[in-house]
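Engineer: The structure follows.
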């Protein structure tokens, strides 16, 4: 384009230099033409094509626009520009602004590559054009979803932008960029896996669409990985309807919540509600004893973990009632209903530290279980737990008791006609039990705690005399009774109240009495015992008993006992007299110089209180064996009638005809001679009474057939005894030694055949202490001829009693029953024991009585301790011995001296003398009882010493003289080694000496010991040790 213009010349000088420069920059050529004629200058301008833009850049872009920027060509605002793209031309004014042109191309398509041509335009002239291409910002992804997730990964998915595979994508998270090529995916969805993430973590993502290096504005989104699962859930506590669950917070984070699914329910638990790292949750409204399946999910931002599956159970309900189906002394059979009637439960029974598991799956709706090996009469505390899947209920507590043991023996302590005092040992030695006694439909309750010791007594009154009662005795504990102990016993029968003598003779009495309550058994006792049983007779109520073998003219004291079931009445005492024997041996002698007669007769057979002589009109009484009758005429015949008198009874009369002396002088001489003879006879009799046989026994007794050396052993009067004692004590007791050695062989030549029978050897404790055949105690034979042997001998006492004592060895284990049989058969009421069962560690005597108040059986005899009283040096016991075959009971006293050493002597004499007085007092109380049994170990040393002491002290009182050597001599004729040691022989003398001294002056002297060996039957001791009786 050209322009032409004329200016006044004067105007040219005002064109600024700057303008000229601009013109240059704008490729404007100026041509001047001077017109002189008009004094003007004409300017012609010639324009060339403007320069093109050499660079254009995108200052900013959007999805629908591009803001382009370029420098103005020649920094000129004179140019305009034309932008061409997609067939669109846009004119852009370049005159605005500074040196830069900005232009926003709008209405474009996102993520599209455009090709542009930019022309510089000046005065209609365009430059050659600048070609360039650029792209719009691609669209952002509008939605991203998680196709799948794990604890460490996310699989994201989104639709391709504009469904185009031309785009790639950049995913930014945690400073990490993942580039995803959209063209590599066939369909229209992009899937991308993100790994190595942390579980349960919220991630912030930005997803950019990328096209030709241009990214979209980005799509921001967050998502979370799957949280970790809880790995362990424990039950902190449980009840029948609740479970308190506890678990550690996942990742120790409070950001998580939890969802617990069970039984179709959902519990949401917020982890932030718990300050520490542990979550507690109570699941309530559950059913007791039920197994629940739980799934516990960790929840984070609505995303749940894979879930932790576990099962647990609620506490089962406890049994609410238990009954005892049956019980015994050592077992209880318990019964209860199954909890919830379910077979799924088992049960645990706890008592006394014992646990028993009981299967509840068997049977119906009831569980039965027997608890065994319990103790009788014991209260047990039980806890029964219901068990389900190892979980136990709170437990049902209950107590119950086993059946108490029964009383095994009841004895009658005493009885009368109307009451019985029963006695028994407390069961198990316990005061916790009471007792129920049933008889005649009457029940008596006895509280065992009312009795301090181990024995219970009970008085049953208002009974009928001589009646047999059936009792049942129950032990009661906590209301539970034992099976019952049945026994019978009887009250004392009434006594006979009158006895008449139906007839009598010299040797016989026929007694008669009325039956008591129609009872048929009676015992009549004088010096012998008569047992009367009229049970086989039928008829009247009168009992007749003939007592024969009596002595004429003797007054007998009888006691008649009514006997009912072996129990005797208190006894009815009466006396009766036999008719005196007819006087025999009648004779006459001259007397009074022919004016009298002396009638004489034999001593009586039996007894008489006097003799009546009738003759010559006189009736005279005599007390002896002769009578002088005066007032007669010499050389006359007289008939005299002589009658024996016994109290108010007379014998048959005997007569004698006698003539008086025809010569008075001769008669006087005869009378004198007769008087001399009578005097001599009296002196002889008096001297004989002082001799030993009258002291130590009857010369006709079997045990004393040897002649005593009465001339050798003289009685020592009491006044001379101290001198005698001192004489024997001189020269170290030389006199004692000589006298004792002289007794060494006495009786040793006697037969011991029974003791040496092979069957009897085992019954001897010592091999050199054997019972002499002549005086041995014979038992009734039971199982053979050897069954009558026991190592024991009868021993004489004072006053012609050849069987005052029995000297016996201490029982062996295998002879205890024989020992008690001897006591029973000999009717002994006293046993004197002078040894301890064990001395210096060696057995001396087997204990043959019960250890306590529990009765023991020895053969057919039941022995019970009735009482026991201990003193310093002795123990007194009272035994009740009952014959099981006849039910008869007897009382036996046991005098046990405990302070006497074996082979030796007590420390002093005083205690033994006192002990002997106790024994003597008992013997004299029961004069009609059998021999007193005395034993130590061998039955010779201590036994012989005590028997001798008792005999000598009686002699001392009665005769004021003692003969110790003769006494020992006499005993050794009946049993070997009696008074076994010299020290015991000296001790006997010391006892007599001390008995003569006043008690306050008594100072015991030491007595030396020596010992005669006794050879123990060791084989027998070994054999018997294992055969003790029950």
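Any Cβ shown, glycine's included, is placed from N, Cα and C.
Because the structure is a prediction, the values reported are computed rather than measured.
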Engineer: In TrEMBL, which of 621-642, 643-664, 665-686, 687-708 is labelled transmembrane segment?
Structural biologist: 665-686
Engineer: Kindly report the helix/strand/coil residue split of the domain 'Tyrosine specific protein phosphatases' (913-986) according to DSSP, in that order.
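Structural biologist: Its residues divide into 46 helix, 6 strand, 22 coil.
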Engineer: Considering every residue in the domain 'Tyrosine-protein phosphatase' (736-995), what is the mean pLDDT value?
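Structural biologist: Overall, the domain 'Tyrosine-protein phosphatase' (736-995) comes to a mean pLDDT of 93.
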Engineer: Is it possible to list how many residues within the domain 'Fibronectin type-III' (226-314) are helical, extended or coil according to DSSP?
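Structural biologist: For that range the per-state counts are 6 helix, 47 strand, 36 coil.
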Engineer: Mind tallying the domain 'Fibronectin type-III' (49-140) by DSSP state, helix then strand then coil?
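Structural biologist: Once the DSSP states are binned, the domain 'Fibronectin type-III' (49-140) shows 3 helix, 48 strand, 41 coil.
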Engineer: For a three-state summary based on DSSP, what are the helix, strand and coil counts in the domain 'Fibronectin type-III' (315-406)?
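Structural biologist: Final tally across the stretch: 3 helix, 47 strand, 42 coil.
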